[in-house]
Amino acid sequence: MDYKRLLTFLTCLGAANAAFLDSVITADNSKLLLSKFKAPYNSLEDAHHSVLGLKHYNQGGAIGSAESEAACKLVKSVDTQSLASLYQAATTLENIGSSCKHQFSAETLDFVKGKISETSDVKSIFEAVSVLKVAGKPVDNDEVIAALLAAVKSDNSVLSSSLALLTASKLTNPNLALLLKYVDVEDMSAQADEITDRHLHFDNDLVTTATFLAAVMSLPGKKLPVTNDQVVLFSNFLLSRKTSTASIKEASLLIQALGKVVASNKITVAKAQLVSGTSISESNPAIKVSITNMFGQPITKLAVKADSIIRASDNEVLASNAPFKLNEEQLNYQLLFWKNKPKSGFYDVTLAASGGSLVGVSDFEFRIKVTTRITLNKIELGTAEKEQVSPTLTSLKFKGKADVMAADTQQRVIMKFQVADATDGTVVNPHQAFVRFVSLTTGQEIIFVAEPDKTSTYKFEIDMASAGKEQFNSASGKYSMFLIVGDATISNPVFWHFGDINLKIGEAQKPKSSFGAQYSAKPEIHHIFRQPEERPPTVVSQAFTIACLFPVVLLFIMWAKVGANLGNLKLAPKNIIFHAGLTGIFILYYMCWLKLDMFTTVQYLFGIGAVTFVFGNSVLSDLANNR
């Protein structure tokens, strides 16, 4: 196996695990993309890309009158010396229909035909063939293929090779086998980069990727030159750019490529979506699935069935090979699941669809939940003495309200009930069942959990001797009692005020529970900083100052004693520099005392001291010589 086939094999192997569409072009996406194609147009190029984008999105349908008129004006003013402009005018003219009347002169067509030569590049050949085809002029297939082969040999990039395939697709019965010897689609697809097993693209370039996909979808024949998985992965890349196209050209090429996939009779790329929601109930009895193409348009001629519907809790198969029916009004496929009278819970559905070379939704799995309405049965409520084994409880109807009860620390409060499916009366065990006490005086809430026994009867029982201190904080008074029952599969959760009770459990203490600790006001924090130490007497600081100044005073006294004076000072530069150096040293010492550290002082002292030393030596030598 050569390396090209190996790369293709590995690409397909990775793609096999992700051969489904990530998304489709939604109504909002369409609005954004089509807004780029609206008239007026700034140039013929914009009109050309806009018309092609609209035509492919509408699957060959008519273009709006405003767009047709604006494009027609630009077509009639085409530059006949520019092949690119002629190509844009010709393809625009072809797609806006007979409302625009324009013919190309014989000289113009001769100019275009001259571009089909072995010295032209692929783009020029593609544009020339397109113009001649629109003008209804004959094209020599062999001449075009020969010119394409010569052009591809000099430029075999993916974009150039894709344009060569698009050119060949415009010919009638071309010698495609000869071209495919040099334009290897398998090799081109092997060059595609893969992102997380979900996208295929060429150097993250939308233009090249869209042109390649459009080219392979345009080739004649019963079979595509790429795998179905590769078509899906290339489409995924283009769909990922649907909200970020940078220009009219990019938006148009994206729509053109996806439009060719949508219009193909060789493959049907689709996406299945659960549109009924994940919750099934008596008011929403059907599982509804929408299967659409990449433009979000429904695909209606498919056979859709549920391979299996399995209850997640016990793996019981509720249905298999259950067919979905097409709803003609909503254009989606529906299965009336509620008629099977499913029990509430979660179900795993495996969907299968077939027909029309369908790709992307052959297997579609999702989970739904069946919700039900509940009611409460066998409700009993009352109080009992601490040592009483068989208390006498009072029956209570659901949604009713009991008489005001009373309890103290020598009693227990008891409640029993069963939760039943309102449809068939079967007993169910919801995940959440609570009894909530709310103080009418303070608003404090205390919540207790009700647990089911072996008969699925929920029981709530509290000993007021212990609970009165720990949960109620010994706060006597009147409390409202609520029953709360809920579950993900219950459509009517219960929040029922079933009665009030007067509790005599002592005087309220200071909060010691987590409730009091968390929500009561905390004492204000006062920060106390360390008191400064007492400063020494003023005499000490003054004595220290005198001690520091004493050397300077002593210096002046010694100078006066030896008769130091400036009588012999000459204003020579070296004298000035020497004395300036001495002054600088004294200033440096002063700065060291104020803010400089030792290392910085030494650095400056080295420079100033060196200069002072050199000039001081010279000055002292002169003084000695003068004596």
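Just so you know, the numbers here start at 1 and follow the chain as drawn.
Yeah, the Cβs are placed from backbone N, Cα and C, and that goes for glycine too.
Keep in mind it's a predicted model, so treat the numbers as computed, not measured.
Per TrEMBL, signal peptide is recorded for 1-18.
Predicted-model confidence for the domain 'Ribophorin II N-terminal' (26-259) is 93, expressed as mean pLDDT. Among the features that TrEMBL reports, domain 'Ribophorin II N-terminal' is placed at 26-259.
Residues annotated as domain 'Ribophorin II second' in TrEMBL: 274-370.
Positions annotated as domain 'Ribophorin II third' by TrEMBL: 378-503.
Here TrEMBL flags 529-627 as domain 'Ribophorin II C-terminal'.
Here TrEMBL flags 543-564 (among others) as transmembrane segment.
Per TrEMBL, transmembrane segment is recorded for 576-596 (among others). Listed by sequence, the residues of this chain that lie at least six past the ends of the transmembrane segment (576-596) yet keep a Cβ under 8 A from its Cβ atoms are 604-605, 608-609, 611-612, 615-616, 618-619.
The feature transmembrane segment is assigned by TrEMBL to 602-620 (among others). Same-chain residues lying 6+ beyond the ends of the transmembrane segment (602-620) with a Cβ under 8 Å from its Cβ atoms: 574-575, 577-578, 581-582, 584-585, 588, 596.
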